[in-house]
Amino acid sequence: MKIDILTIFPEMFVGPFGESIVKRAIDQKQVDIKIHDLREWTEDKHRSVDAPPYGGGAGMVMRVDVIDKAVSSLRSKETKVILLETKGKIYSQNEAVKMSKEKHLILIAGHYEGIDHRVHEEIADEVYSIGEYVLTGGELPVMVVVDSIVRLIPGVLGNPESLSEESYSEPGKREYPQYTRPSEYKGWKVPEVLLEGNHAEIEKWRKEKSGKR
């Protein structure tokens, strides 16, 4: 899988993508992630990616022409373009599963007061929000989406069973509670069924505890 990320703050991705599962997937060439500074596609001396909104209003709006040039230079027939912004539909595990099967994704991180709506209408294939709250920009949502997708790519996680047992692996499913040593601490005990070694009873308990909403 190839993922291209369009942002005005490329440095924000260095730390998160340089650790853990995403880093391992990159090192093992299971995913190719490129971070692009949108200013590379500007043509004025100030490298402007935004402008005041038509009709007036607070803040600045990211320009459609800059984003279109960036997307056009990276897009192919196999590309899906994803915009991360507050106006999008709520991102879910189902969306992560679908996107993990794509060959090429372009993720656009919104910023400032918003993005020219023509990006929604003419450029993006999907527009997502990661929740009903406001962040400074779309960089953190892009990181969330990338992490949720990369871990679903076959071979990225060491134990494939981890995926099938997780919360949201099925609609409404929640992962069962997990415990480890010590079996008792300050009077707080691990459920007896997990200590008895009866795998059928353990499986039954886990299914009960991971019940659907």
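Backbone N, Cα and C atoms are what each Cβ position is placed from, and that goes for glycine too.
Record features, source TrEMBL:
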| type | residues | note |
| --- | --- | --- |
| BINDING | GLY110, ILE130, GLY131, GLU132, TYR133, VAL134, LEU135 | S-adenosyl-L-methionine binding site |
| DOMAIN | 1-213 | domain 'tRNA methyltransferase TRMD/TRM10-type' |
So which of the binding-site residues is most packed in, judged by how many other Cβ atoms lie within 10 Å of its Cβ, out of ILE130, VAL134, LEU135?
ILE130
Site with most surrounding Cβ atoms, counting all protein chains shown within 10 Å, from the binding-site residues GLY110, GLY131:
GLY110
Cβ-centroid neighbourhood (8 Å) of the S-adenosyl-L-methionine site, GLY110, ILE130, GLY131, GLU132, TYR133, VAL134, LEU135 excluded
THR86, SER129, PRO141
